[in-house]
Amino acid sequence: MYRFSNTVIGVLNLLTLLASIPIIGTALYKARSSTTCENFLQTPLLVIGFIILIVSLAGFIGACFNVAWALWVYLVVMIFLIATLMGLTLFGLVVTSQGGGVEVPGRIYKEYRLGDYHPWLRERVRDPEYWNSIRSCILSSKTCTKIESWTTLDYFQRDMTSVQSGCCKPPTACTYEAGVVDGGGDCFRWNNGVEMLCYECDACKAGVLEEIRLDWRKLSVVNILVLVLLIAVYAAGCCAFHNTRHAAHPYHPSDDNRMTRVRPRWDYYWWRWWHEKKEQLY
């Protein structure tokens, strides 16, 4: 049992150690490829990836080399990691439960409304300093350049990303006739300038939040899978820690201060039975 549980914890920690590498790689990739340069998802992902890497390494060393203190540190950190990841996952599910696009009659793409999203997300994109950094990133990614050459027919037949729908065109309800603007606040914010467009529109902020919402939903699924794995590893770690201490102190005093003998392992009886049978045959 001692060797079995320590082997299991060693293998599981090796798997989580290897799994932390793509987690870190995914966070770095999304930080570079994200249209909005949104980093409040990538930062927790990076931190979690590095913590899993370090904790798994400590658990692997403790289980394979019978280092009791390494396993003790591993178990303490692991329980905090599980609690943190569980809290982050629940928070993500709550703040992404609201939102989604609105169908536009006669169009394939959807449009997005800022009021449909969770208040925590809305307050975040309304912060001027924070929004300016996202706006600069959208400009540098040339997201709107990709639809500059679209014809009127393209707007009826082709789909858009949430950022393109909110930031690169005025809302479909807007009308601009004879110098009169009608259709709501975003219609007045629209500007034909390449660096202006609808970047200050609420629809643009909503489009960014929709991209974040979808990314966070995917991250929550990954977090749940990682949580299941970490809980399994933690349970095996508790067994390995118990066995490591038992290996260091194989005999324990009883209440009357007498030493009790440890019973032979179950596989010893099978080995003796097989050895006797083999001697009878030969």
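Backbone N, Cα and C atoms are what each Cβ position is placed from, and that goes for glycine too.
Listed in Swiss-Prot for this protein:
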- 1-7: topological domain 'Cytoplasmic' (TOPO_DOM)
- 8-28: transmembrane segment (TRANSMEM)
- 29-44: topological domain 'Extracellular' (TOPO_DOM)
- 45-65: transmembrane segment (TRANSMEM)
- 66-74: topological domain 'Cytoplasmic' (TOPO_DOM)
- 75-95: transmembrane segment (TRANSMEM)
- 96-220: topological domain 'Extracellular' (TOPO_DOM)
- 221-241: transmembrane segment (TRANSMEM)
- 242-282: topological domain 'Cytoplasmic' (TOPO_DOM)
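Counting Cβ pairs closer than 8 Å to the transmembrane segment (8-28), the top stretch among 45-65, 75-95, 221-241 is 45-65. When the topological domain 'Extracellular' (96-220) is classified with DSSP, helix, strand and coil residues number 64 helix, 12 strand, 49 coil. Restricting the average to the topological domain 'Extracellular' (29-44) gives a pLDDT of 65.
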